[in-house]
Amino acid sequence: MRAATAERSPLVKSLRKNWDLYLLIVPVIAYYIIFHYIPMYGLQIAFKDFIATKGITGSPWVGLKHFERFFDSYYFWRLIKNTLGIGLYELAVGFPIPILLALMINEIRSERFKKTVQTVTYAPHFLSVVVLVGMLMMFLSPQHGIVNLIIRLFGGEPVSFMTEPGWFKTLYVFSGVWQQMGWSSIIYLAALTGIDPQLHEAAKVDGASRLQRIWHINIPGIAPTIVILLILNIGSILGVGFEKVFLMQNSLNMESSDVISTYVYRSGIVGAQYSFSAAVGLFNAVINFGMLVIVNYIARKVGQTSLW
Amino acid sequence: MVKQSFGDRMFDAINHVLLLLLLAVVLYPLVFVVSASISDPSAVLNGEVWLWPKDLSITGYKKVFANQDILRGYLNTIVYTILGTCVNLVMTVMAAYPLSRKEFYGRNAVTALFVFTLFFSGGLIPSYLLVKNLGMVNTMWALIIPNAVAIWNIIIMRTFFQQSIPGEVQESAQIDGCGNIRILLKIVLPLSLPILAVMTLFYSVAHWNAFFNALIYLTDRGKYPLQLILREILIQSNMQEMIQTNEESLAKSIMEAESIKYAVVIIANLPVLLLYPFLQRYFVKGMIIGAVKG
């Protein structure tokens, strides 16, 4: 018995000494298991015909039926096109702008001006999506919206931005830029303050211009941060957020606003086709996860930065 | 100082001009909403308000405060925010503190268990079925429990505990016979007020602005949070009961509807709007701690 105690694993030893630490974290582990891992287990309904009375485990298996139905459906290509389109558009516009903004803010000498720019550009981040979309609708209203008032002032025809499918993606992306660019720039600003000032001094002595110093010192200095955020962003390209798309969506702009997540909501929560929408959601999650793994792999091969 | 070259001065000038333009673009919609909310509705509709308010009027605000739905939604949101934030804070500390201690064997495994959920999840439908099976549909718990803690905030707090509280202090307390829980309560938490403030802000803003869980889990209008009511007013333009069409002309009711929208945006954001200048440095500090990779 005694010998066994002495050979106990470090886990048991640690458990004995710091049992209260383990007790503290138990509720959080329980939370993660219940609210994050049980739904992953519940994903099996994507391969079953979910019958409420039989529960998730008791429902009969049907193989890939729901996936096939989704791939063959009229909506499939439209959903892929819109989800990917919005994701790529957002990446192309929304990703570089905060970097640019951080580089510009970093060059301001006057502390007061710097603080003003930061305070103002961070502010929209705290508006809720509902309010943001509400503001979009007020500003873009064809009758009274200020944007159309200006268009009319210059003799143009008012545009019904919110119901015009062609405008949807642009409105979505640029309203996002307006709301988030300041906030997203914080992380790059933090990285910029970590750059050794001696590098700049040396470059100045060598006669480097401001632009040259930004190009050769600041940008390489924040490159690891850029890569990490890029990986995370690419990993969620298909994960185009439900909330804003859903709020901006209406029957007239569906053609370009219907994305996978809103489709899952419509067919699943509203239409109660649980198994089918779980299959659609799983398809989406697997592709996202796959992209994340691939991009991370490439980043690790090309540079030294990666998520894991 | 090395003397500024012409190119450098040009650079500064262009940088300043661009940033000033950007300031205008970001600020303009915000100022406009404020101005429109306190202007005469007809002036707003006729496009006479461009920047500053015209013919001051508080019709919109009066209508908003006379509306039962909005007031109830406001009250509900306050309750959800306070309760939800308390749960969030307690859970975050309960996870972050053990994970910050070297003595906690297996903390990498536990962190991995948490972090994995960032990259893969069961998705909407299985989560919905779970909440339904747990009997939380149409209760306020559906807005609080499924969002009990956020992994990103656990990491931020853990990093803070590790970096800002000297391990020696904790060790010496331990030698003096202090248990882990007492160290947490008497030493770590009092030294962590800044990060607790940051977390309170992050979580409470998230609760204040949330509408998605309420949308899928609540069916009883009496339990709706403010954001769902806002959605009806701002996006679905559902205001029949707020504007009495029977006694007034259609034109007037359209005007009132518009001024209600502007006023409601201001009122919904009032708490954040008022606190923002004071809280800004905390928000930023939290983001920067979060940026330090753990």
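Note: Cβ is positioned from N, Cα and C throughout, glycine not excepted.
Because TrEMBL annotations are produced automatically, they should be read as predictions rather than curated entries.
The feature transmembrane segment, as given by TrEMBL for the ranges B:18-37, B:78-97, sits at B:78-97. When Cβ distances are compared across the two stretches, the transmembrane segment (B:141-161) makes contact with the transmembrane segment (B:78-97), since 3 or more pairs at least 6 residues apart fall below 8 angstroms. Tertiary neighbourhood of the transmembrane segment (B:78-97): same-chain residues 114, 140, 143-145, 147-150, 153-154, 157-158, 160-161, 184, 188-189, 196, 199-200, 203-204, 207-208, 210, 225, selected by CB-CB distance under 8 Å and a gap of 6+ residues from either end.
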